[in-house]
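S.K.: Sharing a structure here in structure tokens format.
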């Protein structure tokens, strides 16, 4: 028959479904961005191009405050999580199995294995009690909660990097009478840097995006950008939400793109 | 993995030669933060699930009762105190399970061809396709769900297009239905299906596929007998990665299902909010956690088995 010339790698219909999937994946996001530029009050009725809603969003004090708080929490949580994850990775990678190693893996990966809503209500129970006892209801609770679920995300790339690293250089440094600290600072840390940067970026984005845990842990007046948007979605929606979402989206995409191209150059 | 560690640990750098104590000290910050802000609170919640509910939320500390757990599946009749099945909860359990399974299957139906398509692109463009799949994933979950909400609402693009073409006369109510939740969950979790599938299809040895064709196998037979068995680990990983967050979903059903079509995540929230039944909320949370654990154990058992098969 005429079917002798086919490419063994293609399957009929697969290409079509794949392109349809990409189309469906991007259509809603494109619509959302599109209506952020609407001059009218509606998120579905196009009335003309304008940057009006971006101006409204940027001048909105609540948005500014929420965005600032989101970034503050994400920077602190990602930094602490990355430091903790690096230390934990050093203790759990390139080692002979030792008692407690499996326990450590289980604890570090626990936030990945439990649904967020479960952790969220558990934190609500405990933190609401502590808030009453101590009278303190600052940002520390949110930062602590974010740090905890950021640790496994920071840990993954750091551990992967460490596992692929050759310990020869470190052994050589030791042979040349470098102190352990000096070996770590001058050899291990520079070699580990790509993993640490990847871990930090991952943790940062995860913290910035969090809705569920933040929604349950936050005290009054501690809106982050995602929880602020969630609140807005319950009310009548204007393209202002689209504008906020568009800026947020652009920020995440830029971050990931920058990371993608920087990591591609090295390998 | 084991072979790698075996090779390196003969010549550990000096700063790691110290005894296990050091390893505990440097892993302590990570362990204690997770204990403090995740595992500890969940254990306390387990305790709460066995306490008597407080009148205005919270619990009566150290007054124990099984009511929280009994109320997960049963309800007491207000008049004669007999136990009957809690239909409302069972409906929600069933909806969560059903929608999670359907989400997983739909994600597989779209994800497999997509992953296959990406894996069979020329090497230099492959990375770009993978990147295109991951970009929406890095966008905030809330924003993506909101985007779906906009598309399927009564005045949204789908209804408007259908009205314009003349297929329908009045908008179809899509928002606030189970179908909307399903569509939304497939949309937000699809990358989790595509990525592990892509990883295993990329490793596929196409000489075996060619051999199948040479032996007069049809395309369907090659797919069923050669390709699918070889990418099974990726399929299982993808299914688990989609199923688990679907089961515990909270934001997507809340925005797309509205108040009527709750899933487990929303049921839990309602017990800590308007329901003021913390022991019940805690018990449902623990149940949800156990369901997820079962799924994970199933995965680990399957992964180790297929890992053993492939050498």
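Every residue, even glycine, has its Cβ placed from backbone N, Cα and C.
Keep in mind that what you see is a predicted model, and the values were worked out from it rather than measured.
These came from TrEMBL, pasted as-is:
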TRANSMEM  A:12-37  transmembrane segment
DOMAIN    A:67-260  domain 'ABC transmembrane type-1'
TRANSMEM  A:71-91  transmembrane segment
TRANSMEM  A:112-130  transmembrane segment
TRANSMEM  A:136-156  transmembrane segment
TRANSMEM  A:191-208  transmembrane segment
TRANSMEM  A:243-261  transmembrane segment
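Let's see these features in context: how buried, what's close, how far.
M.R.: Nonlocal intrachain contacts for the transmembrane segment (A:71-91), taken as residues 6+ away from its ends with a CB within less than 8 angstroms of a stretch CB, comprise 104, 108, 139, 142-143, 146-147, 150-155, 158-159, 162, 188, 192, 196, 199-200, 203-204, 207-208, 224.
Note on the transmembrane segment (A:112-130): residues 141, 145, 149, 152, 212-213, 215-217 of its chain, located 6 or more positions outside it, place their CB under 8 angstroms from a CB of the stretch.
Counting same-chain residues at least six beyond the ends of the transmembrane segment (A:191-208), those with a Cβ under 8 angstroms from any Cβ of the stretch are 70-71, 73-75, 77-79, 81-82, 85-86, 146, 149-151, 153-162, 165, 169, 225, 252, 255-256, 259, 263, 266.
Residues 29, 32-33, 36, 53-54, 56-57, 63, 197-198, 201, 204-205, 208-209, 225, 229 of the same chain lie 6+ residues outside the transmembrane segment (A:243-261) yet bring a C-beta within less than 8 angstroms of a C-beta in it.
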